[in-house]
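What TrEMBL says about this one:
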type: BINDING; residues: ASN108, HIS113, GLU118; note: oxalate binding site
type: BINDING; residues: HIS111, HIS113, GLU118, HIS163; note: Mn(2+) binding site
type: DISULFID; residues: CYS32-CYS49; note: disulfide bond
type: DOMAIN; residues: 63-217; note: domain 'Cupin type-1'
type: SIGNAL; residues: 1-22; note: signal peptide
Amino acid sequence: MALKYIVLTIAILAVVTSISHASDPSPLQDFCVAVNDSRAAVFVNGKFCKDPKDATAEDFFKSGLNVAGNTSNQVGSAVTAVNVNNLPGLNTLGISLVRIDYAPYGLNPPHTHPRGTEVLTVLEGTLYVGFVLSNPGPNMKNKLFTKILHPGDVFVFPIGLIHFQFNVGKSKAVAFAGLSSQNPGTITIANAVFGSDPPINDNVLAKAFQVDKKVVDYLQSQFWWDNN
């Protein structure tokens with residue numbers, strides 16, 4: 001009789017555990033609009049899969065991360081990404097990689113990755129890095145976590161949180177980062193808010209940032225560099 005109860009308990013726990021872990025698949029792009037006619041489908045949540053019989057080693061290979069990115073731009077940084085869009089073998093594996101080059105005092109501006117956590121390590125130079133927590137309770141400020149990183153140091157930026165890296169040294173810096181998505185996405189805060197197409201209504205931004213509309217109009221008139 002005791003064995004029956006043990007087996008029943010294990011069966012119930014197995015069912016409850018499977019239910020608790022059941023969920024919709026995480027999005028692998030910004031959106032995926034449903035269609036009823038499969039013949040009209042262009043995208044899936046991710047990429048279509050090649051027949052395994054046709055796969056080759058080239059599907060899992062990419063060169064070029066030894067080449068520094070061009071940091072001669074307004075922010076003084078360049079991100080070279082390796083993700084499912086240029087390394088097809090990453091499809092469904094939930095991982096990607098970036099190389100980030102920084103000019104002296106170059107900045108990888110505040111941004112988020114909506115679909116991935118980032119773990120970054122410095123190879124060369126000195127970086128001031130940080131991330132900001134999501135909105136806390138009433139009358140509380142968003143907490144900032146920062147650290148000065150040197151070669152060999154590692155720092156984690158949790159999924160979806162605003163983060164940045166700034167080269168505080170007088171020489172160039174190089175970092176590599178892994179991300180927990182084949183296509184983590186990047187939303188650069190300033191570019192998205194002030195450089196959207198079409199522009200966000202300046203009344204909205206003036207009220208949100210509590211500044212004069214002339215300030216918003218000036219910011220929206222600027223060219224916002226995308227370092228990715």
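Counting starts with 1 at the first residue shown.
Placement of Cβ uses the backbone N, Cα and C atoms for every residue, glycine included.
Nobody curates TrEMBL annotations by hand; they come from automatic prediction.
Remember, it's a predicted structure, so these values are computed and weren't measured experimentally.
Feature map: TrEMBL annotations on the structure.
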| residue | record | CB count, 10 Å |
| --- | --- | --- |
| CYS32 | disulfide bond | 14 |
| CYS49 | disulfide bond | 11 |
| ASN108 | oxalate binding site | 28 |
| HIS111 | Mn(2+) binding site | 21 |
| HIS113 | oxalate binding site | 24 |
| GLU118 | oxalate binding site | 22 |
| HIS163 | Mn(2+) binding site | 22 |
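Distance noted between the C-alpha atoms of ASN108 (oxalate binding site) and CYS32 (disulfide bond) is 29 Å.
Each residue in THR112, GLY116, PHE131, PHE157, LEU161, ILE162, PRO184, THR186 lies on the same chain as HIS111, HIS113, GLU118, HIS163 and has a C-beta within 8 Å of the C-beta centroid of that Mn(2+) site, without being one of the site residues. Here the Cα atom of HIS113 (oxalate binding site) is found 9 Å from that of HIS163 (Mn(2+) binding site). The shortest Cα-Cα distance between HIS111 (Mn(2+) binding site) and any of the recorded positions CYS32, CYS49, GLU118 is the one to GLU118. The Cβ centroid of ASN108, HIS113, GLU118 marks the oxalate site; residues of that chain outside this set whose Cβ lies within 8 Å of it are VAL98, HIS111, THR112, LEU120, PHE157, HIS163, ALA177, LEU179, PRO184, THR186, given in sequence order. For HIS163 (Mn(2+) binding site) paired with GLU118 (oxalate binding site), the C-alpha to C-alpha distance reads 10 Å.
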